[in-house]
Amino acid sequence: MQTETDFDDTIVAQATPPGRGGVGIVRVSGKACKEVAEKLLGHCPKPRKAEYLPFYDLQEQLLDEGIALFFPGPNSFTGEDVLELQGHGGPVIIDMIIRAILEIPGIRPARPGEFSERAFLNDKLDLTQAEAIADLIDTNSEQAAKAALQSLKGEFSHKIDQLVDAVIHLRIYVEAAIDFPDEEIDFLSDGKVSGDLAEIIDQLFHIEQEAKQGTLMREGMRIVIAGRPNAGKSSLLNALAGRESAIVTEIAGTTRDVLREHIQIDSMPLHIIDTAGLRESPDHVEKIGIERAWDEIRQADRVLFMVDSQETSAIHPDDIWPEFFAQLPEDMPYTVIRNKVDLSEEPTGIDEHNNIPVIHLSAKTGHGIELLREHLKHCVGYSATSEGSFMARRRHLEALAKAKVHLLQGLEQLEANMAGEILAEELRLTQQHLNEITGEFTSDDLLGQIFGSFCIGK
């Protein structure tokens, strides 16, 4: 995290990826930009006008020639004076230019993400927009890129700002009621407070669901394959991975440990996890594998519950294995996979029973695997035609979850006790957690972690 002294420094870094290329860009930000331009270029270019110029070192030796651009603050990316030198992309040339700039007093190399950090500190970006820059650079799918662009445009920030405004207005109303104790109960019981609070909770819930999808697009969905031994879990892992990742035999209990495969479906990242078959076992090693299987199941974003279609015709989970589903976390999404349809002669397909997706397939022959792939894409939030939702991170989900807890506690106090002061405090804490998302209220340590993960030059 920057200190006040650091913030006064002028910083320099290569803005293009390291290595050889047709063009290499050196970016400078800070009050010494004009001095850099005068010493390396002979004069400072006109604002926002590209000039083709020779680049010199401080001994007036020619280093390169290329395009120079000057953006005076505050009308620049960082909000400070910014100078960009676009020369040839050889690493030696770029290094010579940067070394020449660093000879000027008051200039130092930029830390990772420091240009974006200065943009945030100068109110050119909020925190979600700054994070979207890093996400856009790191993205590996068109859908994720669209989502990152939506965040960069301020889509996520706008939703949070609207929610914060609603919390502030309700908080003002509640605190006004507290200031008039003789009428406080009338204020709190007139239906406006409870109605507005319920609307805010509903709004937060929808944002939270959208943020979860944005997180899955960024980080990838954790898919855990679970079921009884010999249901075909390892065969399904191999079919999705497109290779023989897991050993497959007719012997029940072959898989005793957790197996992981990182795959992409139309560039959407998925983490597929194969687990030991779930059963009572006297074998100590197999017991450990089963315990690990349950650990993975509890951390999953979605569970694929494998069923041997030869053994049961049941469709509903409670009819297949009620004890297993009783142990699943209450909000855990899952899909029932009826495997081995090549042997049971069930038709391949996908349907729903009581809002539970059921896929009929054969992991061994591959029939129905494409249906499963499409289903998983849908679960992640993939759409070939949409402009994408916004991108989100785990810290955003944590902040939203904390905000939701305080809202629900406030509602409980309102309904049970008409406790205006407690409700006002819960609304204050809600506002604080929401502001952490956009950076209105954020600790220096968190900012250091966020911007430290950026690449240098951004």
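Just so you know, glycine gets a Cβ as well, placed from its N, Cα and C.
Swiss-Prot lists ARG27, GLU84, LYS124, LYS458 with the feature (6S)-5-formyl-5,6,7,8-tetrahydrofolate binding site, giving sequence analysis as the kind of evidence. Look at Swiss-Prot and you will find 220-381 tagged as domain 'TrmE-type G'. For 230-235, 249-255, 274-277, the entry in Swiss-Prot reads GTP binding site, with the evidence type sequence analysis. Look at Swiss-Prot and you will find ASN230, THR249, ILE251, THR254 tagged as K(+) binding site, backed by sequence analysis. Here Swiss-Prot flags SER234, THR255 as Mg(2+) binding site, drawing on sequence analysis.
Every protein chain shown contributes to the tally, and the Cβ of ARG27 ((6S)-5-formyl-5,6,7,8-tetrahydrofolate binding site) ends up with 23 other Cβ atoms within 10 Å. In this structure the C-alpha atoms belonging to SER234 (Mg(2+) binding site) and ALA276 (GTP binding site) are separated by 9 Å. Its Cβ placed at the centre, ALA276 (GTP binding site) has 27 other Cβ atoms within 10 Å.
Each residue in the domain 'TrmE-type G' (220-381) has a pLDDT score, and their mean in this model is 81.
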